[in-house]
Amino acid sequence: MYAYNKMGRVPELVICSFIVVTLLVIHFFSDLLRASLGGYYNQDVTLSQLVESQNSDYAWFLKLLVNCFGYSCVFVPGFLIYKYVGRINYLERGNKTFLHKAINMCITGNSGYDQLDAGTSTADKDRPAASTAPKRTSSQEAVQLLWCFGGLMISYLTWGVLQEKIMTQNYLNFTGESAKFKDSQFLVFSNRLLAFLVALAYLQWQPSPVRHRAPLYKYSYASFSNIMSAWFQYEALKFVNFPTQVLAKSCKIIPVMLMGKIMSKAKYESYEYVTALLISLGMIFFMSGSSDSSKASGVTTLTGIFLLSMYMVFDSFTANWQGSLFKSYGMTPLQMMCGVNLFSSIFTGASLSMQGGFMDSLAFATEHPKFVFDMVVLSVCSAVGQLFIYHTIDVFGPVVFTIIMTLRQAVAIMLSCFIYQHSISLLGIFGVLIVFVAIFLRVYCTQRLRAIRKRAEANKPKMAV
């Protein structure tokens, strides 16, 4: 019996060795990178500080490589463990240790835990479905719409203003010296960690009747693309202004359609192609008609456009991957929010730890109290905004949500121009109008086509039995 237990622990020891050896190898290579960047003679300087000290228009590329190197702290041991447990049929064994349950939950979605299952109790099963809820009156509907509109507007307008402030403005310390916060990844980490905690708390407070069935590792792909898109979004603000970024986000319809064609073999209507082209045309007019003296370099403009393009590519993959997960496993949006933000927190936390970015960001925070306030409010707005997104789509559907967010983008551009003194010519304003007209046209055509199809389905003659 003793020999059996001893042999039964061998897989756990091998799995732990994968993690330890990977971390040691990554630590070794990070030391080599520090030395190559000039940190050999100054051991007090972190890798994150060395990367930030590279004064170049292309320093963001080095930062990106270092970030991805940090993410490998999670990806590499995860991949090795996945291959190893499949090869030895580890999950079919009867030893129900904590490690066995954790790996089982990551690979198959089955575990003995309730944190993400959110709905396995008898009380949840007896709870009436949403479809049986009493129908709201017109006044109640109006109040609910105002609540959703106000929540989305306040949370995301505040988030947009603070996002631009943190990445572009100087903060004063206690001695009156000014400095900029540079670590975009720390902002991504704080946003995702708070969003994960909010989603987890909400699932515990109001469990969903839908049992969670998806393997946790499936969320890692959406998490990686999500943190990459967020990082590119923050970095882009160092090279282009916020109105440009907001308009560029409207153009993500094009990469979403392309990614849908590639991943899901999706088919699109002719009006979808027309509106996508109109949005692109409007964006070209806006870029041609907007100017910002603080970002006059051609290199920085091209860099900003490239960063925004990468943001749209990764964001498009996130949307399509999440859509495929919803179809395959039928989880609720809050379960998706919880799972994606869990892995996003793990990825960014591992990368920050490897670079020493935690200490740098915390040191900046202790010296600049206004930054702490802005960062906390930014994270709260991001988390609360996600809750309002899911609530609005659940109550009113995606069309109403799209209209609200389109109005939010228009107001965000005006706010940014007013607060941060961005100048836009008449050609730029015309480009903005084209973009928003195209978005509303797209929403109208979608609704119109859906109504026509419903009528055609209702008028279809029934076959006699």
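Glycine residues also receive a Cβ, built from the backbone N, Cα and C atoms like all the rest.
Sequence annotations record features per position, and here Swiss-Prot assigns transmembrane segment to 13-33, 61-81, 142-162, 185-205, 270-290, 299-319, 339-359, 370-390, 391-407, 424-444.
Here the transmembrane segment (424-444) does not touch the transmembrane segment (339-359). Their Cβ atoms form fewer than 3 pairs under 8 Å, with each pair 6 or more residues apart.
Between the transmembrane segment (61-81) and the stretches 13-33, 142-162, 185-205, 339-359, 370-390, the greatest number of Cβ pairs separated by less than 8 Å involves 339-359. In summary, the transmembrane segment (370-390) does not lie against the transmembrane segment (299-319): fewer than three C-beta pairs, each 6 or more positions apart in sequence, are under 8 Å. It is 339-359 that, among the stretches 142-162, 185-205, 299-319, 339-359, forms the most Cβ pairs under 8 Å with the transmembrane segment (13-33). Taking Cβ pairs closer than 8 Å, the transmembrane segment (339-359) reaches residues 26-27, 30, 46-49, 51, 66-67, 69-71, 73-74, 116, 183, 185-186, 188-189, 192-193, 195-196, 199, 214, 216, 219-220, 222-224, 226-227, 322, 331 in its own chain, all 6 or more past its ends.
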